[in-house]
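A.B. asks: Just lifted these from TrEMBL, have a look:
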BINDING   7, 8, 9, 10, 11, 12, 13, 14, 124  ATP binding site
BINDING   91, 98, 99, 100, 101, 174  substrate binding site
ACT_SITE  100  active site, proton acceptor
Ligand SMILES: Nc1ncnc2c1ncn2[C@@H]1O[C@H](COP(=O)(O)OP(=O)(O)OP(=O)(O)O)[C@@H](O)[C@H]1O
Ligand SMILES: CC(C)(CO)[C@@H](O)C(=O)NCCC(=O)O
């Protein structure tokens, strides 16, 4: 069965086409939906389309219209649920939770069974979510992503500008101080979640994905695993459950 899976984030739209393993994958920036549509035009007609969106509704609408016109399919957008694939979601108000977080949890579990997991998605925002070995999703944290942290400093201070620095244990210039501070804050929040799960008696594995995963991973203990496209893997696992 050929599926088209779409992850509409705040910075990028990622997609995968085919059965598992995917025949093709791609992405475009959310601001450039036209580029995405060019990519999708090259694909054969999928049997079904599953999507997850936390991005601009206008981008989702454009995609909807394209899929209808091109293939006569509507997109089945993921809704956060209380239970899926054996995982219990304890988020207080399900309608509040970003479906990308729920999809990433489901995707991480499909790739890494039978372990407590810390699932960090380092995209536009950084989210750090906790899943127990017994498949209870406990909740998680939301922080600004690296780019957002840096732009907030540049916008709200007189002397800091948007810049590229390098990580140093003891930074001795402004650009390095900013880079090191932001990356340490991101890594620190992931370590904090690992510590909380460990205190509960779990031995969590840390899975990290998103545009900034490779920058943060070296600053985490216990060999974190960088996993690409957790959201798409979550959509694939749910689709497999539906169509099997
Ligand atoms: N041209 C770019 N535009 C935006 N972010 C970029 C760019 N190049 C690198 N990045 C980095 O990638 C991060 C965004 O990651 P990613 O592409 O995974 O976002 P996203 O998947 O759209 O995010 P989300 O799913 O949270 O909306 C930013 O914090 C930034 O540091
Ligand atoms: C936190 C983001 C922006 C991460 O992409 C997204 O999951 C979202 O918009 N969430 C809504 C708020 C929540 O998850 O509680």
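These residue numbers are counts, starting from 1, taken along the chain as shown.
Just so it is clear, glycine is given a Cβ too, placed from its N, Cα and C backbone atoms.
Just so you know, TrEMBL annotations never went through curation; they're auto-generated.
What's the neighbourhood like for each of these?
C.D. replies: Counting every protein chain shown, the number of other Cβ atoms lying within 10 Å of the Cβ of residue 9 (ATP binding site) is 24. Mapped onto three states, the DSSP output places residue 9 (ATP binding site) in coil.
Under the three-state DSSP scheme, residue 99 (substrate binding site) falls in the helix class.
With a cut-off of 8 Å between CB atoms and residues at least 6 apart in sequence, the same chain places 7, 9, 52, 54, 121, 127, 231 near residue 100 (substrate binding site), listed in sequence order.
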A.B. asks: If one measures from the C-alpha of residue 11 (ATP binding site) to the C-alpha of residue 101 (substrate binding site), what distance in angstrom results, rounded to a whole number?
C.D. replies: 15
A.B. asks: Please report the number of other Cβ atoms within 10 Å of the Cβ of residue 13 (ATP binding site).
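C.D. replies: Other Cβ atoms within 10 Å of residue 13 (ATP binding site): 27.
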A.B. asks: For the binding-site residues listed here, 11, 124, 174, which shows the highest count of neighbouring CB atoms within 10 A?
C.D. replies: 124
